Amino acid sequence: SVGFKAGVKDYKLTYYTPDYQTLDTDILAAFRVTPQPGVPPEEAGAAVAAESSTGTWTTVWTDGLTSLDRYKGRCYHIEPVAGEDNQYIVYVAYPLDLFEEGSVTNMFTSIVGNVFGFKALRALRLEDLRIPPAYSKTFQGPPHGIQVERDKLNKYGRPLLGCTIKPKLGLSAKNYGRAVYECLRGGLDFTKDDENVNSQPFMRWRDRFLFCAEAIFKAQAETGEIKGHYLNATAGTCEEMIKRAVFARELGVPIVMHDYLTGGFTANTSLAHYCRDNGLLLHIHRAMHAVIDRQKNHGIHFRVLAKALRLSGGDHIHSGTVVGKLEGERDITLGFVDLLRDDVIEKDRSRGIYFSQFWVSLPGVLPVASGGIHVWHMPALTEIFGDDSVLQFGGGTLGHPWGNPPGAAANRVALEACVQARNEGQDLAREGNEI
């Protein structure tokens with residue numbers, strides 16, 4: 001007699017375990033599953049658990065050489081989504097042993113690597129992940145975090161101000177540096193390379209770094225404040241990226257920048273380690289995020305990408321504005337802003353937070369509001385994001401009819417006014433424009 005029956009078998013026999021008690025060390029995932037017509041939700045949920053952990057479509061004899069019960073992902077709870085036809089939230093628990101320590105790359109390859117192309121599913125979205133302390137402790141996390149950054153910059157009790165230098169492509173290095181200087185001199189804390197400024201024929205990276213450093217030091221000398229410019233170190237290879245970060249450190253500037261999704265988590269984590277070892281702050285841009293997170297029923301929600309970045313490492317990350325030109329709902333955005341900044345975040349479904357998350361004092365990340373905002377949004381932004389944030393106005397600074405320094409000054413004045421009014425107990429939402 002044979003040891004097992006060959007043939008295709010239902011996933012739910014092995015991978016749907018509604019009685020399972022989740023462990024403190026499990027990585028928990030919440031998926032929004034839209035099964036194909038005729039596929040029961042239990043089978044779809046079990047299929048997700050199987051395909052993203054130990055499963056294959058049939059029993060193989062090598063299954064006998066390991067303990068499936070120890071290593072398999074388990075679908076432990078399913079709930080229908082209110083107001084949606086044939087859509088379910090499926091909860092899956094993964095044993096910690098399935099993941100390499102300190103590798104966001106491996107975590108994602110395991111959890112979302114294969115399962116999204118699965119035939120039994122019409123659509124699949126990863127809504128949230130619970131990262132247990134046992135796993136988050138294997139990551140360095142942000143190079144410095146919010147508190148250390150404030151100490152380095154000597155700026156307290158208010159949001160920081162930034163500005164992306166526009167036109168994003170086409171300026172020469174010297175003119176670029178001039179724009180940087182004018183904005184910093186006018187009162188901003190930071191200026192920023194656009195995410196697609198790397199090292200193009202009209203402006204090579206080394207020239208840009210040099211002129212921006214000059215602009216920073218000149219503005220610092222004249223204002224008596226610490227200034228920075230996010231020098232984009234993103235490059236075609238990890239080696240080239242590190243080379244750029246090394247040059248930035250040699251110039252003595254305070255901060256570099258990386259596009260973490262296009263650059264990849266492996267490169268990002270390498271850069272974050274370099275930044276902590278060498279005292280550089282790291283600004284993270286989320287170019288490509290909407291490709292992954294914009295569809296409501298398929299992809300990965302940005303709060304998961306934000307959690308992954310906090311593990312991989314970054315001191316700032318773009319997180320939507322609630323008020324500008326790009327999409328983002330207020331409560332949901334505030335949910336993942338808290339996930340970035342706070343130590344303990346309680347489960348709260350109204351804000352899209354499916355699991356309580358405990359970060360064990362992994363440093364926090366400053367959320368960056370950027371994209372189509374200008375000075376009249378300031379009261380709203382100050383109220384929504386609070387002190388620990390970076391507010392970035394690109395066109396909102398350089399678009400000032402009198403030029404960059406007045407544009408920068410206007411933003412700074414507005415910010416100081418809003419913060420002062422708030423501290424004096426006025427209601428920003430109501431009285432913002434008079435302030």
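Cβ coordinates come from backbone N, Cα and C, glycine included.
As annotated by Swiss-Prot, N6,N6,N6-trimethyllysine applies to Lys5.
Counting only same-chain residues six or more apart in sequence, the Cβ atoms lying under 8 angstroms from the Cβ of Thr164 (substrate binding site) belong to Thr191, Lys192, Asp193, Asp194, Ser370, Gln392, Gly394. For Asn114, Thr164, Lys168, Arg286, His318, Ser370, the entry in Swiss-Prot reads substrate binding site, with the evidence type sequence analysis.
According to Swiss-Prot, the active site, proton acceptor annotation covers Lys166 (among others), on the basis of sequence analysis. Secondary structure at Lys166 (active site, proton acceptor), taken from DSSP and collapsed to helix, strand or coil, is coil.
The feature N6-carboxylysine is assigned by Swiss-Prot to Lys192, with sequence analysis given as support. Cβ neighbour count for Lys192 (N6-carboxylysine): 28 (other Cβ atoms within 10 Å of its Cβ, all protein chains included).
For the recorded site, Glu195 (Mg(2+) binding site), the DSSP three-state label reads coil. Neighbour density for Glu195 (Mg(2+) binding site): within 10 A of its CB lie 21 other CB atoms from the protein chains shown. Per Swiss-Prot, the feature Mg(2+) binding site maps to Lys192, Asp194, Glu195; the stated evidence is sequence analysis.
Using a 10 Å Cβ-Cβ cutoff, His285 (active site, proton acceptor) registers 28 neighbours. Per Swiss-Prot, active site, proton acceptor is recorded for His285 (among others), and the stated evidence type is sequence analysis.
According to Swiss-Prot, the feature site 'Transition state stabilizer' maps to Lys325.
In sequence order, Asp259, Tyr260, Leu261, Phe302, Leu305, Leu309, Ile317, His318, Ser319 make up the list of same-chain residues 6 or more apart from Arg286 (substrate binding site) whose Cβ falls under 8 Å from its Cβ. In the shown protein chains, 22 other C-beta atoms lie within 10 A of the C-beta of His318 (substrate binding site).
A separation of roughly 9 Å, to the nearest angstrom, links the Cα atoms of Lys168 (substrate binding site) and Glu195 (Mg(2+) binding site). Compute the center of the Cβ atoms of Lys192, Asp194, Glu195, which mark the site for Mg(2+); besides them, the chain residues with Cβ within 8 Å of that center are Thr164, Ile165, Lys168, Asp193, Asn196, Val197, Tyr230, Asn232, Met257, His285. For Lys166 (active site, proton acceptor) paired with Glu195 (Mg(2+) binding site), the C-alpha to C-alpha distance reads 11 Å.
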